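Novice: Provided herewith is a single structure, encoded as structure tokens, for subsequent inquiry.
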Amino acid sequence: MLFSEQLKKEAKPIINQIYHDPFIQGMLHGNLPTEATKFYLRADASYLNEFANIYALLIPKMGNLNDVRFLVEQIQFIVDGEVEAHEILADYVQESYNEIVQEKVWPPSGDHYIKHMYFNAYAKENAAYTIAAMAPCPYVYQFIAQEALRDKELNKDSILAKWFEFYSTEMDELVIVFDNLMDKLTKHCSEKEKNEIKQCFLQSTVHERNFFNMSFNEESWSYGGMKNE
């Protein structure tokens, strides 16, 4: 079994939990609360900006020009392409996407996730650590989207079905490239290093779950019992 396949196998129980948590189930049935949807859009706008920055940190660690070119294309996709998925959610709540994201949020779970990725990008020389921190994001979206399209419970009359359709294919190339890079970059790693990389991947998968739950619950910072508004 390839190392990338092993990572996905071990992450599957977490991804199954994500699928059955309230946020994705709300999308599946077409009844995701409006405020949870808007909170997700605001949080994800901040997250994707940082995700693009982490791609930029990953580029100098790449020794292959084709890999560099692909990462540059992914930055462009984050800037332009992924907005299409966000527009679907904005249409669902019948508000302008640009107006929704004018209000900024930086919740605890999103903060922890982003710092987890930055830590691995800065502290670890081997790019496998950075990729392990980043790869669960596209893989989780691909998996839950494809699972939803197979699910008889999917509300096909809801515009949210288009969100699943978008992610069911848009992540395919990125997942393949990340898998190939992961297998190549860990080929000569020690078992200790591979275990660290695996933990990094699984932690990011947990962060993905926390991000969806954070959005559903409209999570905020609490200082001494007082919420920071």
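Cβ from N, Cα, C; glycine included.
These numbers come from a predicted model, not from an experiment.
Found this in Swiss-Prot, in case it helps:
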- C137: active site, nucleophile (ACT_SITE)
- E208: active site, proton donor (ACT_SITE)
- D44, Y141, Y167: substrate binding site (BINDING)
- Y47: site 'Increases nucleophilicity of active site Cys' (SITE)
Novice: Could you check which of the recorded positions D44, Y47, Y167, E208 is the closest Cα neighbour of C137 (active site, nucleophile)?
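Specialist: The smallest Cα gap between C137 (active site, nucleophile) and any of the recorded positions is with E208.
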Novice: What are the sequence-distant neighbours of Y141 (substrate binding site), meaning same chain, six or more residues apart, C-beta distance under 8 angstroms?
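Specialist: In sequence order, the residues whose Cβ lies under 8 Å from that of Y141 (substrate binding site) (at least 6 apart) are Y167, M171.
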Novice: Applying the rule Cβ within 8 Å of the centroid of the Cβ atoms of D44, Y141, Y167, what extra residues of the same chain belong around the substrate site?
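Specialist: Sorted by sequence, the hits are E82, A85, C137, P138, V140, A145, W163, M171.
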Novice: To the nearest Å, how far is the Cα of the residue listed as 'active site, proton donor' from the Cα of D44 (substrate binding site)?
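Specialist: The separation of the Cα atoms works out to 11 Å.
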Novice: Using Cβ-Cβ distances, find the residues under 8 Å from D44 (substrate binding site) that belong to the same chain and are at least 6 apart in sequence, listing them in sequence order.
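Specialist: Counting only residues 6 or more apart in sequence, the Cβ neighbours of D44 (substrate binding site) under 8 Å are H86.
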Novice: Write out the long-range same-chain contacts of Y47 (site 'Increases nucleophilicity of active site Cys'), meaning residues 6 or more apart in sequence whose Cβ is under 8 Å from its Cβ.
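Specialist: The list for Y47 (site 'Increases nucleophilicity of active site Cys') reads G110, Y113, I114, F211, given in order along the sequence.
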Novice: Would you measure the largest Cα separation among D44, Y141, Y167 for the substrate site and round it to whole Å?
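Specialist: Value for the max Cα separation, rounded to a whole number: 15 Å.
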